[in-house]
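Residues or ranges marked as transmembrane segment in TrEMBL: 6-24, 36-55, 67-89, 101-123, 129-151, 163-183, 195-217, 229-249, 261-281, 288-310.
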Amino acid sequence: MNLQSVIASVSVMAIIMIIGFLLERKTKSAIEAKQLIIQILVILAVPSVILNAIFQTEITDKVLSQMGLIFLFSVTINCLGILIGLVVAKIVGFTSLKARQIAVLAGLGNTGFIGIPLCASIFGPMGGLLASIFDAGMSLTAFTVAVLLLQEKMKFSLANFKPLLNPPVIAISFGLLFAISGFEAPSLIKQVSATLAGIAAPLAMLYVGLLIPSIFQKNKDVEKLQIKNVALPIFLKLLLMPVVTLLIMKGIPIDSFMKELIIIQSAMPTLTLATVLFVRYSNGDRSGLITVVTSTALSLLTIPVIAFLIQKFL
């Protein structure tokens with residue numbers, strides 16, 4: 001992994017986020033416009049990154065083995081992040097519900113519509129493919145462990161797995177079946193997927209930029225919000241967890257490329273979906289959304305730091 005390429009990729013994303021912020025300040029886009037961007041990301045852009053990666057990668061037994069390892073590491077690291085977040089939040093003195101919310105914010109990262117495009121940019125098509133597998137492991141953790149943790153009375157049902165049937169997962173399944181079958185995608189399909197893949201990272205950061213002004217407008221919710229409610233999960237997610245992951249990866253005998261990708265994915269900002277989980281399964285508050293947006297903005301500074309630590313100590 002080249003540190004300069006990481007800084008270049010993150011710098012481009014930061015500039016696009018600032019453009020989104022300035023556009024929102026000037027135009028005040030409707031909520032429907034923001035929802036449309038999310039739909040384009042989830043339904044078209046991120047699946048296209050995955051398909052483009054599969055179309056450009058020869059799916060061998062080694063690649064399948066790497067995918068299996070990435071999935072297992074993803075589930076393990078995400079569960080560990082939730083556990084660390086829960087323990088630290090309780091030590092600091094948060095209530096039971098708030099500690100559980102902080103655990104989810106600290107443990108689960110935006111490994112999908114930010115992590116996949118960023119890894120594809122840093123590591124190439126293979127990076128995008130393995131990043132999508134890491135995201136699948138994160139999604140499994142989110143809709144099992146996180147959902148159970150957020151409920152006052154822990155209830156588990158097969159309905160929890162329904163959100164796992166989403167466009168990125170469908171793209172992984174379809175793409176792998178297509179590749180393993182030995183068929184080659186038509187050049188037109190390859191060109192379309194490559195073109196759509198290119199809009200994933202810009203759209204993701206544009207969306208974050210559009211959110212910033214509305215999140216930090218002065219209102220009673222923000223005034224009442226305690227800084228530690230936001231600062232603790234951000235510190236755990238952006239700094240502590242990547243360092244813990246680096247220490248774990250240092251002692252594991254796998255390809256350095258895989259180690260680097262796993263650490264970079266562990267350094268992703270807080271999962272956007274966390275706010276939806278809070279509203280659905282517990283008493284959601286504004287701190288979740290503010291944490292998501294703030295951590296995304298700050299991650300553009302911390303990801304290069306983590307990349308430097310990888311080069312120095314891994």
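Residue numbering: from 1, along the chain as shown.
Cβ coordinates are placed from backbone N, Cα and C, and glycine is handled just like the others.
Because TrEMBL annotations are produced automatically, they should be read as predictions rather than curated entries.
What you are looking at is a predicted structure, and each value in this text was computed from that prediction instead of being measured.
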Candidate ranges 6-24, 163-183, 229-249, 261-281 - greatest C-beta contact count to the transmembrane segment (288-310) (under 8 angstroms): 261-281
Positions on the same chain near the transmembrane segment (6-24), where near means CB under 8 A and six or more residues out: 118, 121-122, 201-202, 204-214, 296-297, 300, 303-304, 307
The transmembrane segment (67-89) in contact with the transmembrane segment (129-151), cutoff 8 A, at least 3 CB pairs, sep 6+: yes
Among 101-123, 129-151, 229-249, stretch most in contact with the transmembrane segment (261-281) (C-beta, under 8 angstroms): 101-123
Cβ contacts under 8 Å made by the transmembrane segment (229-249) with residues that lie 6+ beyond its boundaries: 77, 80-81, 84-85, 88-89, 92, 98, 102, 105-107, 109, 259, 262-263, 266-267, 269-270, 287, 290-291, 294-295, 298-299, 302, 306, 309-310, 313-314
Beyond the flanks of the transmembrane segment (101-123) by at least 6 residues, Cβ under 8 Å: 1-2, 5-6, 9-10, 13, 41-42, 45-46, 49-50, 52-53, 74, 78-86, 88-89, 94, 130-132, 134-135, 138-139, 141-142, 146, 149-150, 168, 197, 200-201, 203-205, 229, 232-233, 236-237, 241, 257, 260-261, 264-274, 277-278, 282, 287-288, 291-292, 295-296, 299, 303
